[in-house]
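As written in Swiss-Prot, here are the features:
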{"type": "TOPO_DOM", "residues": "1-12", "note": "topological domain 'Cytoplasmic'"}
{"type": "TRANSMEM", "residues": "13-33", "note": "transmembrane segment"}
{"type": "DOMAIN", "residues": "164-283", "note": "domain 'Fe2OG dioxygenase'"}
{"type": "BINDING", "residues": "HIS182, ASP184, HIS264", "note": "Fe cation binding site"}
{"type": "CARBOHYD", "residues": "ASN221", "note": "N-linked glycosylation site"}
{"type": "CARBOHYD", "residues": "ASN255", "note": "N-linked glycosylation site"}
{"type": "BINDING", "residues": "LYS274", "note": "2-oxoglutarate binding site"}
Amino acid sequence: MKSRLKSYRRKKLGLATVIVFCSLCFLFGFYGSTLLSQNVPRVKPRLRMLDMVENGEEEASSMPHGVTGEESIGSIPFQVLSWRPRAIYFPNFATAEQCQAIIERAKVNLKPSALALRKGETAENTKGTRTSSGTFISASEESTGALDFVERKIARATMIPRSHGESFNILRYELGQKYDSHYDVFNPTEYGPQSSQRIASFLLYLSDVEEGGETMFPFENGSNMGIGYDYKQCIGLKVKPRKGDGLLFYSVFPNGTIDQTSLHGSCPVTKGEKWVATKWIRDQDQEE
């Protein structure tokens with residue numbers, strides 16, 4: 001009887017010891033992790049923004065409002081407008097002063113906009129397709145640094161090296177001028193072999209437009225593709241130009257095939273005028 005009682009007490013004592021030991025481990029782990037975590041900076045939840053990090057340095061918190069700098073982290077707010085095509089809108093991408101500086105630089109060199117002709121097309125039978133005027137300017141040719149700033153920011157927003165971009169095409173659309181629906185990508189079956197391909201386009205709106213002048217995507221989300229679409233119609237998803245805002249859209253899928261829903265155009269300006277800086281981005285380095 002006594003031996004059974006001793007055995008029972010040993011089992012009871014052993015169970016109590018295990019419970020106490022586990023409790024101490026829990027408390028040590030809980031408070032230990034709390035103390036250790038006090039020296040670790042808190043990570044704020046990410047908003048729907050693109051982080052810009054330069055020089056490989058990353059800060060845990062953003063800079064105060066109104067402060068900027070080349071060695072700082074910043075954020076580029078954006079809004080997804082469409083997944084078919086992939087179109088992203090960037091409000092306040094450039095300042096009004098930067099936009100005006102770009103316009104002033106481009107004004108003196110404007111010429112009627114030209115078209116890349118497909119097989120069978122001529123300047124005569126495509127007359128009226130694109131009625132704007134424009135000029136090509138590289139970032140290094142603009143003395144105020146506005147285009148250089150925009151080009152670097154586009155590279156950070158797209159995560160594509162700036163050397164993959166063509167020179168800026170600065171365009172002016174006056175009353176009634178427009179650009180019928182078209183693709184920025186060059187289909188080899190229509191244009192012949194290409195040494196590199198346009199994969200994305202970035203539009204920086206340099207002015208407000210009182211009426212008209214929207215960038216439109218008639219095939220957005222697959223709409224209007226089977227109705228015998230007239231390429232002069234201004235229908236589908238429309239983006240109203242606002243000074244300083246940017247629009248990015250992709251012409252190809254990640255596998256390199258053409259996104260048919262990236263068809264787009266510029267609606268006729270019905271009041272005022274429209275200024276825009278276009279940056280075409282290619283799949284290969286353009287400086288080689």
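Cβ atoms here come from the backbone N, Cα and C positions, even for glycine.
Note that this is a predicted model, so its numbers are computed, not measured.
What Swiss-Prot annotates, mapped onto the structure for a quick look.
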residue	record	DSSP class
HIS182	Fe cation binding site	strand
ASN221	N-linked glycosylation site	helix
ASN255	N-linked glycosylation site	coil
HIS264	Fe cation binding site	strand
LYS274	2-oxoglutarate binding site	strand
**Item:** Cβ-based neighbourhood (8 Å from the centroid) of the Fe cation site, residues HIS182, ASP184, HIS264 excluded
**Value:** TYR179, SER181, TYR183, SER201, SER251, SER262, LEU263, GLY265
**Item:** Fewest Cβ neighbours within 10 Å, where candidates are the glycosylation sites ASN221, ASN255
**Value:** ASN255
**Fill in**
Least Cβ-packed of the binding-site residues HIS182, HIS264, LYS274 (other Cβ atoms within 10 Å) is HIS182
**Prompt:** Which of the recorded positions HIS182, ASP184, ASN221, HIS264, LYS274 has its Cα closest in space to the Cα of ASN255 (N-linked glycosylation site)?
**Reply:** ASP184
**Spatially closest candidate among HIS182, ASP184, ASN221, HIS264, the listed recorded positions, to LYS274 (2-oxoglutarate binding site) (Cα to Cα)** = HIS264
**Request:** Name the one residue among HIS182, ASP184, HIS264 whose Cα is closest in three-dimensional space to that of ASN221 (N-linked glycosylation site); these are the binding-site residues.
**Result:** HIS264
**Asked** ASP184 (Fe cation binding site) has how many other Cβ neighbours within 10 Å of its own Cβ?
**Response** 20
